[in-house]
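What follows is a single structure, written as structure tokens, with notes after it.
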Amino acid sequence: MNIVILAAGMGKRMHSDLPKVLHPVAGRPMLAHVIDTARTLSPSRLVVVIGHGAERVREAVAADDVTFAEQDQQLGTGHAVMQALPQLDDNQPTLVLYGDVPLTTAATLKALVEAAGNTRFGVLTVEMPDPTGYGRIVRDAAGSIVRIVEQKDASEAVRAIREINTGIIVCPTGHLRRWLATLRNDNAQGEYYLTDTVERAATEGIDIVSAQPAALWETLGVNSKVQLAEVERIHQRNLAQRLLETGVTLADPARIDVRGELTCGRDVSIDIGCVFEGRVHLGDGVQIGANCVIRNSSIDAGAQVQPFCHIDSAKIGADGRIGPYARLRPGTELGEDVHIGNFVEVKNSQVAAHSKANHLAYVGDATVGARVNIGAGTITCNYDGANKFRTVIEDDVFIGSDTQLVAPVTVRRGATIGAGTTLTKEAPADKLTLSRAKQMTLDAWQRPVKKAKQ
């Protein structure tokens, strides 16, 4: 099968420099969603017709199985498909999709393709309560489709028809090539309509069939930021529904955003306002508190993430305790039962089982052993202005509050670092290491009297 995706439009009503088809739905370009759905049909040719912002569109969705055709002037849908003709195989039917209609399901497209087979003309239609602005499906007395009439060219009688054309069609490619060559632009829009091929097919006695989607939202197009927001909410609602059906507890299905792929084990609970980006896995019994942002991370069974945490490209071991207000940056790997508390940031560090940094700390470019306690205010000083250096903290270390570990430095097994220490050399195993000024009290000192300047 050939699949042609029309993605050349400017999208004036978006009021944006970004090409319309690159505006995101669930964190990915609309066009990427359409391409993903098209791939489920295993096409032999997948052609994207580009125009406005062509290079940006090409870069955004380039892949080995995608080819491009350029429409230099936007002269209508028929003209757009003409640009793809040199890349199509006449021995296979062609399915036409739209880069700004991102929610059409694979099941709906398969139903249309199966209805059309290799010899019929298939049209995806829907009935709308208010069909204003859409091309109407005109049928004869026997119920067969004879033509599609665009809104601006329709009579009052035709405008009363509620069945509309979604624009998605499939037909034999050889016929399509011939019909496109006969299109005229003598209409209210001055464009070459792809829909006019329906009338050509009817005139030649080609059987015209239709299929309908399971839901109206599958065919919603995006021409404005208002419509983009509507499509986003529908998509998120559908994703939330699937999570609920697999046993995930959502505090409010209307207040979760999944911008990628979220997989969950059993008895997972997600509070309100959470955003999941990229690939995220939540193991059995994981609890996610309110207003967390989690990106490209895995969280193992039994872990708890308290509210307002940011987790990016990290691995959290079983039974971990994160937050609230914690930040895990790329390269963070936490073992079993690791506690990372409020206002603690961990970056590019490996922390072994049962270790804790519960308050106000920065752990960057570090290797932390098991059963380590990192006191409040501890900082790994990992950057000298040009290069990053690692800190190594071995098992069973206790680090007192307000400690600076100036990398590269190692704290050996079982060592204790006194509060307020600035550590610049290796701390030996099982010993107390500290560096601080000797405390003094000046008995004769009096606080000076200070007067405000007049």
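Every residue, even glycine, has its Cβ placed from backbone N, Cα and C.
Annotated UDP-N-acetyl-alpha-D-glucosamine binding site per Swiss-Prot: 6-9, K20, Q71, 76-77, 98-100, G135, E150, N165, N223, R329, K347, Y362, N373, in sequence order. Cβ neighbour count for R329 (UDP-N-acetyl-alpha-D-glucosamine binding site) (all protein chains, 10 Å cutoff from its Cβ): 16. Taken residue by residue with DSSP, R329 (UDP-N-acetyl-alpha-D-glucosamine binding site) is part of neither helix nor strand, so it is coil.
Taken from Swiss-Prot, the feature Mg(2+) binding site covers D100, N223. Around D100 (Mg(2+) binding site), the same-chain residues six or more apart in sequence whose CB sits under 8 Å from its CB are A7, G9, G11, K20, V21, M30, L31, G221, V222, N223, listed in sequence order. For the recorded site, D100 (Mg(2+) binding site), the DSSP three-state label reads coil.
Taken from Swiss-Prot, the feature acetyl-CoA binding site applies to A376, N382, Y383, S401, A419, R436. Counting only same-chain residues six or more apart in sequence, the Cβ atoms lying under 8 angstroms from the Cβ of S401 (acetyl-CoA binding site) belong to G375, A376, G377, T378, A419, G420.
Sequence annotations record features per position, and here Swiss-Prot assigns region 'Pyrophosphorylase' to 1-225 based on sequence analysis. Residues belonging to the region 'Pyrophosphorylase' (1-225) score a mean pLDDT of 95 in the model.
According to Swiss-Prot, the feature region 'Linker' maps to 226-246, an assignment based on sequence analysis.
Per Swiss-Prot, the feature region 'N-acetyltransferase' maps to 247-454.
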Excluding the flanking five residues on each side, which residues at least 6 beyond the ends of the region 'Linker' (226-246) place their CB within less than 8 Å of a CB in that stretch?
14, 23, 25-26, 30, 102-103, 217, 220, 253-254, 256-258, 262, 264, 270
Rounded to an integer, what is the Cα-Cα distance in Å between N373 (UDP-N-acetyl-alpha-D-glucosamine binding site) and N382 (acetyl-CoA binding site)?
19
For the C-alpha pair, I'd like the distance in angstrom between L6 (UDP-N-acetyl-alpha-D-glucosamine binding site) and Y383 (acetyl-CoA binding site), rounded off.
49
Give me the CA-CA distance between Y383 (acetyl-CoA binding site) and G99 (UDP-N-acetyl-alpha-D-glucosamine binding site), in Å, as a whole number.
46
Do any residues at least six apart in sequence from E150 (UDP-N-acetyl-alpha-D-glucosamine binding site), in the same chain, have a Cβ closer than 8 Å to its Cβ, and if so which, in order?
G135, N187, A188, Q189, Y193, T195
